[in-house]
Amino acid sequence: MAWLALLGLLPLLPAIQPTWQANGYEINSTADSFVTAATPFTLRSARPPECPPCFNCQLPAFKCHQFGKCNKFNGKCDCPPGFGGDDCAEPLCGSLPDGRDRTPRKGSTCQCKDGWSGINCNMCETNDACNAMMPEREGGVCYRHHNGGETVAENYQMCEVTNRKIRDMLKEKKPQVTFSCKKEDKTCNFQFWVDQLESFYCSLDTCKWNMDITENQNLTTYQCDNIKCGCVPDRMLCETTGVSLEPLFGQLTGPAKFTSTSTKGGSNKDGSAFSEPVIDKVISDLFGDKSILLDCYSSECLYKTAVPGYKPPVKVINTPLIAGVIAGCSLFIVGVILLIWYLSRRKAYNQYHALADDSDDEGSKLMADHKPASLQFENISYYINGQQILSGIRGIAKPGQVTAIMGASGAGKTTFLDILARKNKRGVVHGDIYVNGEKFNDSEYKKVVGFVDQEDTMLPTLTVHETILNSALLRLPRDMSDAAKQQRVYEVEKQLGIHHIKDQLIGSEEGKGRGISGGEKKRVSIACELVTSPSILFLDEPTSGLDAFNAFNVIECLVNLAKSYNRTVIFTIHQPRSNIVALFDQLILLGKGKTVFSGPYSSCQSYFDNIGYSCPPGFNIADYLVDLTMHASQSRSTEEPAVNVDSHDNNFRTASSSLRAVKSVASASNASIDNASAVDSAQESLLRPKDKRRSSLKQRQDRQLYTRKRGSGLESPPDPQTDNEDGHVMSLAERAQQWLPLSRQQGQVPPQILQDPDHLPPIASGFVTDLDVLVSYYANSNVANAVRDEISSSVQDALAANGQANSQQASDAVTGQMTGYARVGLIRQFIILSSRTWKNLYRNPMLMLTHYATAILLAVLSGYLFYGLTDDIKGFQNRLGLFFFLLALFGFSTLTSLTVFSSERLLFVRERANGYYSPVTYFTAKVLFDIVPLRLIPPIIMGVIVYPMVGLIPDWPEFSKFILVLVLFNLAAAGICLLIGIVFRDPGVANLIGSLVMLFSLLFAGLLLNHDAIPASALWLQTLSIFHYAFEALIVNEVTFLTLIDHKYGLDIEVPGASILSAFGFNNLALWNDVAGLGVISGVSIIMAYAAMHFLLVEKR
């Protein structure tokens, strides 16, 4: 830096010229000549002598200033920043980011671009000015210092010479220095300027930097081992006819040292100084200063992470908070377990104590204040899929009596009972049903009827008392007090003999225990209907699956109900015991959907005796009649083998009742009737057709039991009151004489007689089976006529009471109105159903506890795997993975919502059909107790554990939005699964559809398929994806305002999270739109689920 020492000598040059010459310095008086002889050949051209030669730095006559490198390809100089021209002698303007596009200075000074300054516009002033030099064109920092500052990459300094005497000597001329260093090359260079004209320049190499930082002072030191300088021709200090420092530059060998001092608060010691042994001696001798003094400003454009002293913010994981959250969630689970244990130990209701008298009065009024209901029906027919199931059934069920509907399997008993109970049938129903001679619409009719299904469907987690009480609370009058309803429940329990088991759980085969027995369950089902004191009670196979003792107890309870409270009880029954049959008041016998008998049970045996189908002694008449309809329904054939049981004994007399004391029919292995053993094999062989093999014992017994006997061949079906009292059985000849007149009776088939098969009467036209004969006999019997007359009389009396004309149109009108009562309101229904649902939930807590335990365990595991997410690209990828995993976990765990209604589908359908409650209250209670414990709490538990462990943004607004998105997503997924579970009845199909829907939604989340890569025609599918809404909302909430660090170009570049999200196809402004989308899908799916339940889960039999 010899130029600094010589700066003060300019005014003294004329005076000290002899001295400099004596000391070896040279002052030129003539211009140097260009030497061209050194070139290997002489270039000759037609260039005129007045034109200068073209610049070519490869020729000795030309050189590169600023010690620029000569480009061997174009003969031009590669200049350092801020200099240009062919020889790097011209300062450039504009700004550093312009690079090769910078323009040479025109005039005495440069017009720099905004944010740039200096003689050659190399000094930055603002951060925005540096952005253009950054790889991503943002994040730039103008690193400026006054008298100091470490060179990070390549810095530039603008200095003012502060030696007082030097400035005084130059007067108005301003000495300045530009100085720059490049750390990678360990080089520096400077230029000396007088009035912004460069005089000379120097280059330093093998440089070292050091910063000494103390509490009050920063000291920056540059030390370069080598130094060389050069002149700009015809400039001050490098004049061709005046002072030239070039000979002095040859003596500068270094080392050179440049120091800058900056103190806290500023002091007179602040500044920069340059020292070099030769220069220091000259300055000391001439100006009395130790070195050249400068006041410098340095600047350097850096990426913000490269600024010295910059430290990326270090995330602090709050370990105590994490431990506290995990402990709190664990304590919550323990609390839930303890609560469940306490509730399961506590009895559902305290032991019953005596209630107030007014409760007894209300219960008594309920039982007594009703109008006896006599049920009449005629011409009941039913068609489904073009097939007739029932045909022309007629009968009466009277109050105070029990009416039994019997028939073989497939006879249509249950179908007929459903029609009487006004159940919703899939087929077409014809006929008339009257109550006390009047017709009623379905809503009025169902107010006073109760129906007990064959299968007992109840919640296994409720006790007997709770099950019956729920029926009472929901179905008894609104103005009836709870105490009176409980009193009514206890009365029914005692009446049915189940009071002693009132606190036992119903139970099930799949549960922890079997619970109560099958007979007890049947009585509980009956109690649920009896508690409402219906005027008409229908029961489908009430003895099904019960042993004989329990079956009798159930029927006896029904008989007591009918007799004691004047109720009408109608039930179907299959093969009852004789002691049960004896309790019947009315009997309806069906065969293949047709009426074989319908009337008083007391007339049944006499009726069948008189038409020739006497129940053998010792047989249960119910079994006999059911078997009779089965055998009679078989096609008739004269070729069937026959057995002669009466040809040998014309004095045989038969009884009119199975209760009379006569010998019983033997078993199939020893079938006989009185004196049948007297028939020898010779007689039997004569009676058997010659081409037929011997009849089996079963066929023989069936022929004995179910073939019409003599004494029944009357001109018309007999009236049970006109039985032949002597019981005389006609002889074979007398029987044979009756075939002709019987065959002439209006299409009736003469009864089949046990006689010689060769003498069987011909089959009458119009009938295929003996069942047709039985049906025809009944239709023309006095019993049927009596029933028909009674129905007609009842209808006419009702019409007369209502003041209507006796006409067919009047009889077809709906005129009746039941004396029903107001049921409880929707709010009360919701409270009762919520209580029932809550009990069912906490008494079967495994699903709920599994959800909670899974949430805690997977939250801790996820927090461990993703612990302390970093703010870089790797951390961004881990965030994507974390959010994707959380959503997949909750999405597929909500498949348990498929079973919310499947396990209670049948229960709901039946309770709805029986008028327990409104569907909306049941749906609301079920959804509420599925959403709160299973869909709301687990994501909150998991969120509060995962969020602090993985180090997501530690701000309450972001945390709240994170939890909100998880909860809404869980609700939306649960709503979709709920809808699927209702629409698809089969659990396997529902699980498959639910899984496919979740996978489809997962595909459009935004991680597996970029938004911008989705075809335009399929883009609308993404609007249906709940995973897309939730995934985008979570990642936008976390990353939008986050700055991620990406290591590129040797720098730690901070990349805005928003730009990365945009590259992945996410919308940075879509957070609340996504939240709204999740909310809409949640609401729409739940509404659609209710609509599906309301319209699809309707009882159709």
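Glycine residues also receive a Cβ, built from the backbone N, Cα and C atoms like all the rest.
Positions annotated as ATP binding site by Swiss-Prot, on the basis of sequence analysis: Gly407, Ala408, Ser409, Gly410, Ala411, Gly412, Lys413, Thr414. The domain 'EGF-like' annotation in Swiss-Prot covers 84-122 and rests on sequence analysis. Under the heading domain 'ABC transporter', Swiss-Prot lists 375-617. If you look up Swiss-Prot, you'll see Asn28, Asn218 marked as N-linked glycosylation site, on the strength of sequence analysis. Residues or ranges marked as region 'Disordered' by Swiss-Prot: 677-726. If you look up Swiss-Prot, you'll see 1-15 marked as signal peptide. The annotation topological domain 'Cytoplasmic' is assigned in Swiss-Prot to 342-845, 902-935, 983-988, 1037-1050. Taken from Swiss-Prot, the feature transmembrane segment applies to 321-341, 846-866, 881-901, 936-956, 962-982, 989-1009, 1016-1036, 1051-1071, 1078-1098, supported by sequence analysis.
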In terms of Cβ proximity under 8 Å, which residues at least six beyond the ends of the transmembrane segment (989-1009) contact it? 880, 884, 887-888, 891-892, 895, 898, 902, 973, 976-977, 980-981, 1021-1022, 1024-1028, 1030-1032, 1035, 1064-1066
How many of the residues that make up the domain 'EGF-like' (84-122) does DSSP mark as helix, as strand and as coil? 6 helix, 9 strand, 24 coil
Summed over the topological domain 'Cytoplasmic' (983-988), the DSSP helix, strand and coil counts are 3 helix, 0 strand, 3 coil
Contacting positions for the transmembrane segment (881-901) when only residues 6+ beyond its ends and CB under 8 Å are counted: 847, 851, 854, 858, 862, 866, 869, 908, 926-927, 930, 934-935, 938-939, 942, 946, 950, 966, 969-970, 973-978, 980-982, 987, 990-991, 994-995, 998, 1001-1002, 1005, 1007, 1026-1027, 1030-1031, 1034-1035, 1038, 1093, 1097
Give the number of CB atoms, excluding that of Gly407 (ATP binding site) itself, located within 10 Å of its CB. 26
Suppose the ATP site is Gly407, Ala408, Ser409, Gly410, Ala411, Gly412, Lys413, Thr414. Which further residues of the same chain have a Cβ inside 8 angstroms of that site's Cβ centroid? Leu590
Pick the one among the binding-site residues Ala408, Ala411 whose Cβ has the fewest other Cβ atoms within 10 Å in this structure. Ala408
Which residue counts does DSSP yield for the topological domain 'Cytoplasmic' (902-935) in the helix, strand and coil classes, in that order? 27 helix, 0 strand, 7 coil
Residues sitting near the transmembrane segment (321-341): Cβ under 8 Å, six or more positions beyond its termini, same chain? 842-843, 845, 848-849, 852-853, 855-856, 859-860, 863, 941, 944-945, 948-949
List, by number or range, the same-chain residues at least 6 past the domain 'EGF-like' (84-122) whose CB is under 8 A from its CB atoms? 55, 57, 62-66, 68, 76-77, 128-130, 132-133, 142, 156, 158, 176, 178, 180, 193, 195-196, 198, 232, 301
What's the CA to CA span in angstrom from Ala408 (ATP binding site) over to Asn218 (N-linked glycosylation site)? 111
Sort out the residues at least 6 away from either end of the transmembrane segment (1051-1071), same chain, that have Cβ-Cβ distances under 8 Å to it, and list them. 134-136, 138-139, 303-306, 312, 873, 876, 961, 1006, 1010-1013, 1032-1033, 1035-1037, 1039-1045
When the Cα-Cα distance from Asn218 (N-linked glycosylation site) is computed for each of the binding-site residues Ser409, Gly410, Ala411, Gly412, Thr414, which gives the smallest value? Thr414
